[in-house]
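Undergrad: Questions regarding the structure given below will be posed in turn.
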Amino acid sequence: MLKTLKDKKLENCSSINNKSKKQQKIIVGLSGGVDSSLSAALLIEDGWKVEGLTLWLMKGEGSCCSEGLVDAAGLCEDLGINHNILDSRVIFEREVVKKTTEGYESGFTPLPCSMCNKNVKFEEMLNFVIKQKEFTYIATGHYARVQKVSCENIKNYENFQFKDFLLLRGADRNKDQSYFLYSLSQEVLSRLILPLGNLKKEETRKEALRLGLRTAKKPESQDLCLVEHYGSMQKFIDNHIEPKEGEIKHINGEILGTHNGIQHFTIGQRKGLGIAWPEPLYVESLDKQKNIVYVANKKDLFKREAIIKEINWVSIEAPLKEIEVEAQIRYRSEPVKGILVPVKNEDNLTKKFKLIFEDNQSSITPGQAAVFYKDEILLGGGLICEFSKI
């Protein structure tokens, strides 16, 4: 075991049963990158019986997935472990490509990574483990942490009814990826090991170099797999959605120009509008029904409330009354204080929540995730479906 990690400890130790690690098999999701590679190597050093699993997601040769498959296979050969490949192209096409396309067509700005984590990656890994029966746990290279609930880690949160396992931010806030994991189930968390949860990115590189991993110097991917495959999100959109001309209107009602499809715009966008105005204008909202792009001054982008749907309560039971949270409405944004209020439908059931911010927020974007935290604990998250006009 690496001395540098002895003090930090591998994550999820509290959820591991007393059975010797050498008797337990773990499947590690391998993308071909340095993070997942190091996760596998660290688990091997820690005494686990490790096998790799790579999901084949994208159709076509020369894609990011085919390169990742080659790198992952080579890594497994270097480490002396089995490499499993799972053909997930059909489910990825249905759950990510199709739903991303539908989102853009509806005037939303989808979050493909969350779709993939929710309906493809972790579900496929979990199903693989359950089907194979020989594996006990799954692991990935995400910068986040999982802890089993104890009196110690929830003693300051009396207002919440916690589930058995907590999802927490990664120790490196600059690399924390918990935002993308808000859709995970307790079943997944109960089996999930995150070896990098307590590490900083620079430590990851150093350890990968020290261990001589072939991926140690591999550049970090900054793009979605859809972007890497198609070249840009614009090319993905052009490949899947037909252009449809519509109007660009100022929120005061004045027609300023035309566009070739609302799928090309997102809330807060300034560049590429192709209109003239005395001062900078930004996309304020998108009207799918009328095919109109509304623009406004920057001050008009600030809103106080948003409606959140399809909420997954990761670490707590669904609250029955309003709660105070720290909400993160995009991956790189800082969490902001707000109140979540249950919204009941005509059947008196709570299907949505209203998120009321302490301070007005700019460019609240339907289709993106709103993720709720209490300090380091990720409580839950859902999709922004609308925002207030105030």
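Each Cβ is built from the backbone N, Cα and C atoms, and glycine gets one as well.
According to Swiss-Prot, the feature ATP binding site maps to Gly29, Leu30, Ser31, Gly32, Gly33, Val34, Asp35, Ser36, Leu55, Gly141. Per Swiss-Prot, the feature active site, nucleophile maps to Cys116. Annotation comment: Swiss-Prot describes Cys116-Cys225 as disulfide bond, evidence class sequence analysis. The site 'Interaction with tRNA' annotation in Swiss-Prot covers His142, Gln368 and is backed by sequence analysis. The active site, cysteine persulfide intermediate annotation in Swiss-Prot covers Cys225.
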Undergrad: Suppose we draw a 10 Å sphere around the Cβ of Ser31 (ATP binding site). How many other Cβ atoms does it contain, all chains included?
TA: 23
Undergrad: Based on Cα coordinates, which of the following recorded positions are within 10 Å of Asp35 (ATP binding site): His142, Cys225, Gln368?
TA: His142
Undergrad: So how far apart do the ATP binders Gly29, Leu30, Ser31, Gly32, Gly33, Val34, Asp35, Ser36, Leu55, Gly141 get, largest Cα to Cα in Å?
TA: 16
Undergrad: How many other Cβ atoms are found within 10 Å of the Cβ atom of Gln368 (site 'Interaction with tRNA'), counting all protein chains shown?
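TA: Taking every protein chain into account, the count is 22.
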Undergrad: Just to be sure I understand the packing, how many Cβ atoms besides its own are within 10 Å of the Cβ of Gly29 (ATP binding site)?
TA: 23
Undergrad: With every protein chain in view, how many other Cβ atoms are within 10 Å of the Cβ of Gly33 (ATP binding site)?
TA: 18
Undergrad: Can you tell me how far the Cα of Cys225 (disulfide bond) sits from the Cα of the residue listed as 'active site, nucleophile', in Å?
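TA: Distance (Cα to Cα, whole Å): 10 Å.
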Undergrad: Once the chains shown are all counted, how many other Cβ atoms turn up within 10 Å of the Cβ of Asp35 (ATP binding site)?
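TA: Neighbour count, Cβ to Cβ under the 10 Å cut-off: 24.
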Undergrad: If you measure from the Cα of Gly29 (ATP binding site), which of the recorded positions Cys116, His142, Gln368 is the nearest?
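TA: Among Cys116, His142, Gln368, His142.
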Undergrad: Indicate the candidate from Leu55, Cys116, Cys225 with the smallest number of other Cβ atoms within 10 Å of its Cβ, considering only these recorded positions.
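TA: Relative to the other recorded positions in Leu55, Cys116, Cys225, Cys225 has the fewest Cβ atoms within 10 Å.
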